[in-house]
Amino acid sequence: MLKLLKTIMRAGTATVKYPFAPLEVSPGFRGKPDLMPSQCIACGACACACPANALTIQTDDQQNSRTWQLYLGRCIYCGRCEEVCPTRAIQLTNNFELTVTNKADLYTRATFHLQRCSRCERPFAPQKTIALAAELLAQQQNAPQNREMLWAQASVCPECKQRATLINDDTDVLLVAKEQL
């Protein structure tokens, strides 16, 4: 018995003082995903990549908004959302203490405004996504005077662009046909 007591005294404390002392986690620990709405462009890549369907994106045309929502009750902390985010708006934290008394506290939401088409006035994409695309194109072309033109092109929905292209193609085909006669 004394031998066992000596061994225990030499070994020291085997347990940690958690929750009274903070528990250290390893650097690669995958905890609660944290969204930075200021960086998010509401592209939906994270929702497509989430295998547990914990992330959802809902578009409301009536309110002209897109809502990003994370339900921590479904999250498996795989880190796919962090990997696919093009703007690094989602970061996995070291936070693992997710006990709540209210189920609503397990939800994280962010709302983003949608851009309306300059021709048909229907909402079609988040304003931040279009602004980022126009900015990236302007940087590649190194032409600040084209920014307004790029923004004008980016603020037209795909359906209106397609309609305009088809109309122009038909007109061009008719003009070529008349010239051949």
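The backbone N, Cα and C atoms fix where each Cβ goes, and this holds for glycine too.
Features of the protein shown, as given by Swiss-Prot:
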- 31-60: domain '4Fe-4S ferredoxin-type 1' (DOMAIN)
- CYS40, CYS43, CYS46, CYS50: [4Fe-4S] cluster 1 binding site (BINDING)
- 66-95: domain '4Fe-4S ferredoxin-type 2' (DOMAIN)
- CYS75, CYS78, CYS81, CYS85: [4Fe-4S] cluster 2 binding site (BINDING)
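Cα to Cα, CYS40 ([4Fe-4S] cluster 1 binding site) and CYS85 ([4Fe-4S] cluster 2 binding site) are separated by 8 Å. Here the CA atom of CYS85 ([4Fe-4S] cluster 2 binding site) lies 9 Å from the CA atom of CYS43 ([4Fe-4S] cluster 1 binding site).
Taking the centroid of the Cβ atoms of CYS40, CYS43, CYS46, CYS50 as the [4Fe-4S] cluster 1 site, the other same-chain residues with Cβ within 8 Å of it are ALA42, GLY44, ALA45, ALA47, CYS48, ALA49, LEU55, ILE57, TRP68, CYS81, VAL84, CYS85, ALA89, ILE90. For CYS75 ([4Fe-4S] cluster 2 binding site), the count of additional Cβ atoms within 10 Å of its Cβ stands at 20 [all protein chains shown]. Those residues of the chain, other than CYS75, CYS78, CYS81, CYS85, with a C-beta within 8 angstroms of the mean position of the [4Fe-4S] cluster 2 site C-beta atoms are PRO33, CYS46, ALA49, CYS50, ALA54, LEU55, TYR77, GLY79, ARG80, GLU82, GLU83, ILE90, LEU92.
Around the Cβ of CYS85 ([4Fe-4S] cluster 2 binding site), a 10 Å sphere holds 21 further Cβ atoms from the protein chains shown. Burial estimate for the binding-site residues (CYS46, CYS78): highest at CYS46, by number of other CB atoms within 10 Å.
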